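K.L.:
Here it is, the structure in full.
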């Protein structure tokens, strides 16, 4: 008998260990697959942010419209986020995440497709002169661009006359592809985090979340590296003779091979979806057992009555789920702590989203650095620091076992430090660009109050130049001129990218001592002092991102602590919905719209329609860009103080009520003990009632 019991215990122990191992393995497999999906998600997001300036130039659109395209990802996510968060937790979560990754990859590939259907990129749209026409001009005093056969867009790219370009509305496909990517990304975060929180060991959720966010930083590192590589390649590489392309990556009209980024990102997302289709619904039940359990109700409902009863029961369950959804939704909206938390994160994350969307444009305009260089520095230098901050934030919360109020204080501290370093950007701004006809007079001697309608100077008033044209040249006096004609140049030498213009009359009046009045293609580079400030910018960016990342994990942990446990998925989903609606969609649009107001020179096509911005007032651009982000961050800190105060008040009331209830129970127990100290239970009475 004893031997039989021993065998049963051994079998039970072995079975328990087997289930535990199976559960552990299933959960680890899910974490590994989720890590890959996080990398794919981050890779797709960073590529869109890197490519937004290239897309703006390629499709010849404004920054606000480019911001709308960027926000289309959030529109797609917004359409399904709440329902996926609520109903998805009741379905097969791993498979839903896998389907999402598949859709996300398809959207990225769709985003790249317009490149294959559009015509060649025309970087000189302001004129429609055929380069084969090198006829004599009636402008004997100045070198008109019409006289420069080498100073035009390559022959295969030129179109004649006012015609509607084939790519005029191709940006709509980028919009739809990005929106589809947003729909596919929807299940990854809410279902992945809720699944992880449900099956992780007690107290390990914050650590896993920190590790997950740290691993996700591999995506941006890959994205920045690829982006730097592809941005150096001309957009129509493989389709045009690159020797005829005279602009360089430093030119404000340059467009890199942005579409290659999306093809790589889409393929990676599709590959990352595969493991999820082989994972069970719960980690402690293998797929075969799950399938068997799902097939049993089918075998038991062969007769019509059983099928009718089953359908009726299913209909009641659906009604119950819908009713429960609205009840749960009302519960989180009437939670004041949750509402304040959502508002402050909207402000803070709007600052992050708007700032990061245009950071590459900001660096290009303020410090004169090409996107290829910016991608490398931001990706290789800052992102490992950002990943370290995410991991360290989760570790600190676990190590010190911070309660909800402690997590809120920690998050507030990181936000204050991040804002402090962000404000330092105002002290490392470069002076405004010197552009004749925009920031100073054409003779280069005096600044102008407005870039609009700057009058011609006596050095170019007889040249009959096209003032709408943008063909910048840099004079050896350090001033950029809108075109060789407006610089008063009379001759040229060299060809393609090395062309040099000579005898430029507008350079003569600036007092050059060497009497070498020449200019070369492209804008004048920034000064050495400005380039030094750029490296200070990168150093401050490292510290700013570190503290932002340090508080990143606390966002999620704080959110799940201030709502009921059964509402975690819905709270995460609704929070994501609000962030995407008010931050992800609107922030790039109003950031872009304000940035558009700082533009000094717009491109125009053969029909005269306004396109993308060629050059900005860098001083005004910096004030708008940094100022708007700072205002949003300061406003969020005010709400942080309100949240911490409200949390302290609420938890103190809970402690007081618990203490009062404990005192009442102690008095009741004491009175009961006094009344029953002589009580003797009758036969058959429960012995546990005897004191």
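Placement of Cβ uses the backbone N, Cα and C atoms for every residue, glycine included.
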K.L.:
Ranges 148-169, 170-191, 236-257, 258-279: which does TrEMBL label transmembrane segment?
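P.N.:
Going through 148-169, 170-191, 236-257, 258-279 one by one, TrEMBL gives transmembrane segment for 258-279.
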K.L.:
Need the matching range: TrEMBL marks transmembrane segment on one of 5-28, 29-52, and I'd like to know which.
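P.N.:
Per TrEMBL, the stretch marked transmembrane segment is 29-52.
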K.L.:
Of the listed stretches 337-356, 534-558, 624-646, which one has the most C-beta pairs under 8 A with the transmembrane segment (376-397)?
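P.N.:
The stretch with the most close Cβ contacts to the transmembrane segment (376-397) is 534-558.
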K.L.:
What mean pLDDT score does the domain 'Major facilitator superfamily (MFS) profile' (30-647) have in the model?
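P.N.:
It averages 81.
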K.L.:
When you scan the chain for residues with a C-beta under 8 Å from the transmembrane segment (534-558), skipping those not six or more beyond its ends, what do you find?
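P.N.:
Beyond its ends, the transmembrane segment (534-558) has Cβ neighbours at 193, 205-206, 209-210, 213, 341, 345, 352, 363, 367, 369, 377-378, 381-382, 385-390, 392-394, 396-397, 404, 407-408, 410-411, 413-415, 417-418, 421-422, 424-425, 428, 572.
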K.L.:
Would the transmembrane segment (207-230) count as touching the transmembrane segment (570-595), i.e. at least 3 C-beta pairs under 8 angstroms with sequence separation of 6+?
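P.N.:
Contact between the transmembrane segment (207-230) and the transmembrane segment (570-595): absent, because fewer than 3 Cβ pairs are under 8 Å.
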K.L.:
Count up the helix, strand and coil residues in the domain 'Kazal-like' (453-508) according to DSSP, in that order.
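P.N.:
Taking the domain 'Kazal-like' (453-508) as a whole: 7 helix, 11 strand, 38 coil.
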K.L.:
Among 29-52, 64-84, 96-117, 624-646, which stretch has the most Cβ pairs under 8 Å to the transmembrane segment (337-356)?
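P.N.:
Selected stretch: 624-646, with the most Cβ pairs under 8 Å.
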K.L.:
Test the contact criterion for the transmembrane segment (96-117) and the transmembrane segment (624-646): 3 or more CB pairs under 8 Å, pairs 6 or more apart in sequence, then answer yes or no.
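P.N.:
Judged by the Cβ rule, the two regions do not touch, with the required three close pairs absent.
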K.L.:
Which sequence-distant residues neighbour the transmembrane segment (64-84)? Criterion: at least 6 residues beyond either end, Cβ under 8 Å.
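P.N.:
Residues 45, 48-49, 52-53, 55-56, 96, 107, 171, 174-176, 178-187, 190-191, 357, 570, 573-574, 576-577, 580-581, 583-593, 596 contact the transmembrane segment (64-84) from elsewhere in the chain.
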K.L.:
Checking distant contacts: for the transmembrane segment (29-52), what same-chain residues at least six beyond its ends satisfy Cβ-Cβ under 8 A?
P.N.:
66-67, 69-70, 73, 94, 97, 101, 104-105, 108, 111, 178, 181, 185, 188, 192, 195-196, 199, 208, 212-213, 215-220, 222-224, 226-227, 231, 258, 261-262, 265-266, 268-269, 272-273, 275-276, 279, 283, 356-360, 371, 375, 588
